[in-house]
Amino acid sequence: MAFQVANNLRFRRNFGRIKKIIDLPYLIEIQKNSYDLFLQKDVPADQRQNGGLHGVFRSVFPIKDFNETASLEFVSYKLGEPKYDVEECHQRGMTFAAPLKVTVQLILWDVDPQSGSRSIKNVKEQEVYFGEVPLMTKNGTFMINGTERVIVSQLHRSPGAFFEHDKGKTHASGKLLYSARVIPYRGSWLDFEFDPRDILYVRIDRRRKFHATALLRALGMTTEDLLNYYYKTDTIVFDGRKPMLGFNPEQLIGIKAGSDVRDPKSDELIVKEGKKLTRPLIRQMEQARIKHVPIAWEDLLGRVSARDIVDPRSSQVLVECNQEITQERLDLIREKGITEIQLLFIEESRVGPFLRNTLLQDRIRSPQEALVEIYRRLRPGDPPTLESATTFFNNLFFNADRYDLSKVGRLKLNHRLKVNMPLEQGTLRKEDILEVVRYLMELRNGIGSVDDIDHLGNRRVRPVGELVENHFRVGLVRMERAIKEKMSLQDIETLMPQELINYKPVSAALKEFFGSSQLSQFMDQTNPLSEITHKRRLSALGPGGLTRERAGFEVRDVHPTHYGRVCPIETPEGPNIGLIASLTTYARVNEFGFIETPYREVESGRVTDRIRYLSALEEEDHVIAQANAENSSWAGRTRSTSWTSRPTSW
């Protein structure tokens, strides 16, 4: 096959066996697009997305003083023109950068001491110089102090919820101990884990573990709430001689009939007294529309009370919530003339008895006790009060300033827990924590599957824009502390915004990143091909990533999801093997940071020229054929499938 390249002067011929379907993509797109999204330089201030520089300013501002009588608010920013062009910066040994100017407002408030209402007293607006931000050259590099550098994209563990087990290595018996981890983009890690006795524990930020039910109580849930959330409740009515159970097919299997069960219309005997209920018998009862089934007294023994059973005359608690029904307690219930009780049928539950057993072990009884206990464990030495403990706990997971799952984390959490929350929901919800615990208990009970941490659906790419954004945020947070101190120490009414802001921490954070970060490297200038390779490189090392010493064999190894996404060959020999890789030629990184590869769709056993880009998670639902599979050679294996052009790498 031949096709014309330029001005009728040259033909390029392809001698490959697989025909070319799509053109080569723009190979440094990952660098250019990411940094353009970070700067949003040519986008009007009112149309900028809530990400990059704009997103960082929006997340840190407004900055308020401790009395909330003044606040410094962000309005907009603009980037000026660089002083020298790239070539001149190279000759002079300077950084190719543009001045950043930020417009801020200092708002002073009048606070009414009686009502606490506030009114604006004065507004001062000013444009403040905020240092210089390095610009990317047209080749996707940075000119830092006269040398051309490349920021290597980082391949790191995606935020979200992950479930795994220890592969039987912890306990001598080889028992699998399951655990769940909720990793945010920014904030405290939350770990749930089983011990060898199947008691559920939790760790916050890898600190000392405590019973998971203490954390669930801190969410405002009582023992009764927790049991009713995870287990089905059945009402037992004491009608005459025998207890009557509401008709529930799942929970009737294996129970003995307490007396004869007859069809209410024909009076035909369906089940004889003392006979175990089987599926066919239950089906017959369902057809006869029987609403209550008499059960034997002994079938109540060993069941668990769903709530306190109280004597109606004396208001005395006969059986506490979560207590087992023994013969003695059953006799007491009958003696006191109780007509109705609620019981849990734990054996038939998908989550098993694990939560109930943990509740029995946990000595904490109320949400207030739980909050104080968590504060004590995470802040040892500080005397806890209920108010400070509540604020501390809410800041851990429910405060957007301290905790952020990010859109990626929320997407992964939605996918794993099968919920449908908007991606802007960056903090955890009470229901998220409860559902993570539910899935972990189901996993321990043999339902569900663990995650493969090396799967490319669980690892994402942090491109240059995101890496610079994170360091810019670190500098802004340092500057925020200094501004708050200045606001409280000096007379705020005489100050202008310029006098409050010292941009040095932000400038220092950027300089440190571009000058000395592990991911900021001198560009490989051996030849043009090595330049492009360097810009498409992926590193698992760097801040927030792995270290050479800690990385095991599994994380370095080639994974099936690398097909079409990460080159299986190109990796350095030595201590970095498998930790540094390259994107394949046709791979691209989507908005969430997951690597996508192009596939050709197959219809009725024939390969079409329709191209679909799929991430590692999306391709799980399809059968993938090799790139040179013949038409109709595997037709009929699946209704819809996909195949890929041969994955190649520079």
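Placement of Cβ uses the backbone N, Cα and C atoms for every residue, glycine included.
Features of the protein shown, as given by TrEMBL:
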DOMAIN    27-507  domain 'RNA polymerase beta subunit protrusion'
DOMAIN    158-228  domain 'RNA polymerase Rpb2'
DOMAIN    354-462  domain 'RNA polymerase Rpb2'
DOMAIN    521-589  domain 'RNA polymerase Rpb2'
DOMAIN    599-630  domain 'DNA-directed RNA polymerase beta subunit external 1'
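In the predicted model, the domain 'RNA polymerase Rpb2' (158-228) has a mean pLDDT of 89. Here the domain 'RNA polymerase Rpb2' (158-228) is broken down by DSSP into helix, strand and coil counts: 13 helix, 25 strand, 33 coil. Broken down by DSSP into helix, strand and coil, the domain 'RNA polymerase Rpb2' (354-462) contains 59 helix, 5 strand, 45 coil.
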